[in-house]
Amino acid sequence: MAALYNSSLFSLVFLLLIATAVAEIRSTQIRSDSRSTIPFDEFGYTHFGRLNLTVTDISFSNPKSGPEPVLSELGFFLVTREAWQHVLEQLQDGDIQCTLHSDLVKRVFTFDQLQPSARQFTTSFSVSDANQFTLVFANCMPNLVISMNVHSVMYNFNPKGGQLDFLSAGKTALPAIYYLFFVVYVLMGSFWVFALYKKRLSVYGIHFFMLAVVILKALNLLCEAEDKSYIKKTGTAHGWDVLFYIFSFLKGITLFTLIVLIGTGWSFLKPYLQDKEKKVLMIVIPLQVVANLAQVVIDETGPFSENSYTWKQVFLLVDIVCCCAVLFPIVWSIKNLREAAKTDGKAAVNLMKLTLFRQYYVIVICYIYFTRVVVYALETITSYRYQWTSVVAAEAATLAFYAFTGYNFRPKAHNPYFAIDDEEEEAASEALKLEDEFEL
């Protein structure tokens, strides 16, 4: 397993080294592209927003030997999501022949403004309407193929303090939010260390693994806070994104591994893993590597790159498979506890463990559903000004899940086998007899 971890980490670091971290300052290469519209990036502007756009190495070609390109039919514009729907309706109804002709878009630069024989330009565009805009390139010449390098810088200006804010309007609070959760996890880790020391005679290997998961989560939040803080001030992450991806990768793997180990009862119920449980880990760990690589590609190439949709599908599929895989060990443990309750004469103890594992199974499902479905829905329906709320919801749910796991599987000084009298044992036996089979 150690070799698998090492090779996985090497693959992630290699991709990180060849990727270019661009954050809200994005550089994109367009090569022989004939699409009528090419979206680049989204940004939430305040009333004091600005776009700096630099385009170099512009070249055209028409493989079908069509007419010379009309340069006024080529250019960049900003548009909101709501306005874009109306622009598409205008095109369908024939009211306009080119998206650049619509009065619903903000034209940034059209190629008829180029100097004769020029292959590059630089322009700056002020945005006074507070909204979320998408930077789009329009090519209204059929069959015309274009190549160029596009460098865009989007930011908001604070007229009171004079600072530039390179984070979207709905994300400008993220550094403070991540710092706050980092402090909470540091306190949680400190409390866990104290609990391990106080109950050191009842500590198992799984408890130290829990501590490692909390530490990695805290480091992940610290790197993300620094990453967003540097982007907010300068537009680039200055290397913090590399550390964030590394700790995010380690945190994801250790968290899923912890759920599997707790689900199997490893360390505090049994000292070893069965073959089928090892197979679950051997499935989950490589899939987490793929999921993290997909996340890196999505973040670094931007939301509108040609391969972004494919990588998003890969990420969602792999993440769902991982979430489903970690549930099987919990179900196996529940079935094993039910069988043991009928044979080993310790019904009360097994009923207590059975109840705990059922609760954990439900909590894991709720955690997965909330962080994968509810948070995504919240992010989709929330106004661009409040994009930070989905981050708070996801982090709060994760914190609650960590706290529940730690509290219910904490080291305990007393032995439950000696804390139960005959009456409790008899009552538990009756409860197990009357209890229906556990259903998924």
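Placement of Cβ uses the backbone N, Cα and C atoms for every residue, glycine included.
Listed features, source TrEMBL:
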DOMAIN    27-156  domain 'CAND6/7 N-terminal'
DOMAIN    175-415  domain 'GOST seven transmembrane'
SIGNAL    1-23  signal peptide
TRANSMEM  176-197  transmembrane segment
TRANSMEM  204-222  transmembrane segment
TRANSMEM  242-268  transmembrane segment
TRANSMEM  280-298  transmembrane segment
TRANSMEM  310-332  transmembrane segment
TRANSMEM  360-378  transmembrane segment
TRANSMEM  384-404  transmembrane segment
Stretch-level contact, the transmembrane segment (360-378) and the transmembrane segment (280-298), CB cutoff 8 A, at least 3 pairs: no
Spatial neighbours of the transmembrane segment (204-222) far in sequence, C-beta under 8 Å, 6+ residues away: 178-179, 181-182, 185-186, 188-189, 192-193, 196, 244, 247-248, 250-251, 254-255, 257-258, 261-262, 266-268, 395, 398, 402, 405-406, 409-411
Tally of DSSP helical, extended and coil residues in the domain 'CAND6/7 N-terminal' (27-156): 22 helix, 68 strand, 40 coil
Model confidence over the domain 'CAND6/7 N-terminal' (27-156) (mean pLDDT, whole number): 90
